[in-house]
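Per Swiss-Prot, the features are:
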BINDING   13-14, 34-35, K41, K56, 78-82, N95, K146, V172, K180  NADP(+) binding site
ACT_SITE  Y142  active site, proton acceptor
BINDING   N171, R182, H189, F203, E204, G205, C206, R216, Y295  substrate binding site
ACT_SITE  K180  active site, proton acceptor
Amino acid sequence: MSQYTVVTGAAGFIGANIVKALNERGETNIIAVDNLTKADKFKNLTDCEIADYLDKTEFLSVVEEGVLDGSVAAIFHEGACSDTMETDGRYMMDNNYRYSGALLKFCQDEGAQFLYASSASVYGSGRVFSESRECESPLNVYGYSKFLFDQSVRRLWAERTAQIAGFRYFNVYGPREQHKGRMASVAFHFFNQYRAEGRVKLFEGCDGYPNGEQRRDFVSVEDVVRVNMWFLDHPEVSGIFNVGTGRCQSFNDVAVATVNACRAAEGQDALTLDEMQAQGLIGYVAFPEALKGKYQSYTEADTAALRRAGYDGSFYSVEEGTARYIERLLQS
């Protein structure tokens, strides 16, 4: 039997999309690893083919006991606590930092590819989003857990025995995120608000930005998966890379794209932001006190390192990617 490909966080948002992409390449010898305490996540895997499922704790034990020695070709490590508002730092560091370190060691010992999820949250409130230490200053313990693991990876560069590729995901949106609750993308929340209430609510301005004009690099999960598959096919390429479009867009842009995608499905004409505001389709609510000082009002991936590595794929704009996503949501 061929070696396994392992996907941690396999029932989660990005992990499930990676499993599906592997299936589409003919790969089914997949070990899916996750924590199904929130059982609804299983729905993300019902249209996927896998060889086995292991709980995240069981998988770590299997790895440390040597049961999988010689049996793993690659690990996509997407599993983590991704709640940026989580305040239990001890849990966050154990789950995101220590666990990742154990899997990295296993892959280096085994000569297996290790492709893992980092995060744009490592950059904090900075204005430059380049993969270098001077740009990194996380605002919360989630970002710190990702930052610290990236630092441990950097210390291994000279001695690495197999591919290590870390991906600093920016604001990812797309199918299979329905279980994420408050941490789901704004496109998902806007879609549900519009369907339920006929309008969309955004945060008022902050950090000098007008209402809804805070800007992020919103990237489709379809593009994120394509980047992961490219690195799987290029085991000679290692590094830490931003994964975003390289172009920031406003939350207003996402809201307009979402509403217009819904309107198009109903045979209605597209509207501008001004028209939506005038008709009460887009409104604003006070910026939450709990997020002040912990919120990234601006992100934009510097994709130069990704391009230098050889990846030349294009990325969907908010308008393109959101339209594709809303079409999927309307079909579900």
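Backbone N, Cα and C define each Cβ position, glycine as well.
Sequence features, as recorded in Swiss-Prot, placed on the structure.
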residue : record                       : CB count, 10 Å
D34     : NADP(+) binding site         : 25
E78     : NADP(+) binding site         : 27
A80     : NADP(+) binding site         : 24
Y142    : active site, proton acceptor : 25
K146    : NADP(+) binding site         : 28
N171    : substrate binding site       : 22
H189    : substrate binding site       : 18
E204    : substrate binding site       : 14
C206    : substrate binding site       : 17
Y295    : substrate binding site       : 17
Nearest recorded site to H189 (substrate binding site) by CA-CA distance, among recorded positions F13, A80, Y142, K146: F13
Least Cβ-crowded entry, counting other Cβ within 10 Å, from the binding-site residues listed as K41, K180: K180
Assigned conformation of K41 (NADP(+) binding site) - DSSP reduced to three states: helix
Rounded Cα separation (Å) that holds between E78 (NADP(+) binding site) and Y295 (substrate binding site): 23
Cβ-Cβ distance under 8 Å to F13 (NADP(+) binding site), same chain, at least six residues away: N44, V172, G174, R176, E177, H179, K180, V221
Spatial separation of D34 (NADP(+) binding site) from Y295 (substrate binding site) - C-alpha basis, Å: 28
Pairwise C-alpha maximum, in angstrom, for the residues (N171, R182, H189, F203, E204, G205, C206, R216, Y295) that bind substrate according to the record: 20
